[in-house]
Amino acid sequence: MRKIALFPGSFDPFTNGHLDTIERGSDLFDEIIVGVFVNTNKKSLFSPQERKGLVEASVAHLPNVRVIEQDSELTVTSAKKLGANFLLRGIRSVKDYEYEKEIMTMNHHLDAKIETIFLLARPEYTHISSSILKEVIAFGGDVKEYLPRPVFEALVKKSDHYEA
């Protein structure tokens with residue numbers, strides 16, 4: 001059986017932490033499907049189509065990774081439809097673990113055949129989150145080192161108050 005993992009997220013913006021999780025996961029799985037989901041609880045910096053394109057540009061060097069835009073639905077439902085038998089998640093902290101553990105438990109209840117795999121963030125990425133970066137961006141702070149090049153370039157083009 002092929003090992004196919006779904007890596008779901010809103011990826012707004014897609015960060016080097018996300019990229020690192022995908023790169024490391026690409027060595028573990030036959031295929032990774034990056035699902036760009038719409039999170040209605042979050043204010044978006046980029047449209048779903050823009051995010052999909054930026055993630056695609058950022059992972060272009062990984063032949064076993066593909067990116068899809070996904071409607072809001074249960075993650076396990078998406079995984080089943082896509083033929084994924086694993087969910088890939090990155091963990092930065094104990095707080096992330098507690099949150100992800102609850103989701104993993106519910107996902108297991110919904111479909112015990114889909115396994116969740118956690119990858120611990122490398123130390124240089126533990127303080128990065130899309131939400132924090134959006135706040136730094138809003139005040140014109142420098143986030144270049146935290147974003148893949150295509151994402152940073154798109155941010156510079158899009159932002160009224162941010163310069164390279």
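Any Cβ shown, glycine's included, is placed from N, Cα and C.
Residues or ranges marked as domain 'Cytidyltransferase-like' by TrEMBL: 6-135. Taken from TrEMBL, the feature ATP binding site covers Ser10, Phe11, His18, Gly90, Ile91, Arg92, Glu100, Tyr125, Thr126, His127, Ile128, Ser129, Ser130, Ser131. Sequence annotations record features per position, and here TrEMBL assigns substrate binding site to Ser10, Lys42, Thr75, Arg89. The site 'Transition state stabilizer' annotation in TrEMBL covers His18.
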Arg89 (substrate binding site): secondary structure state under DSSP, collapsed to three categories: strand
Collapsed DSSP category at Ser130 (ATP binding site): helix
Span of the ATP site, taken as the largest CA to CA distance across Ser10, Phe11, His18, Gly90, Ile91, Arg92, Glu100, Tyr125, Thr126, His127, Ile128, Ser129, Ser130, Ser131 (Å, rounded to a whole number): 18
The domain 'Cytidyltransferase-like' (6-135) - residue tally per DSSP class, helix then strand then coil: 56 helix, 29 strand, 45 coil
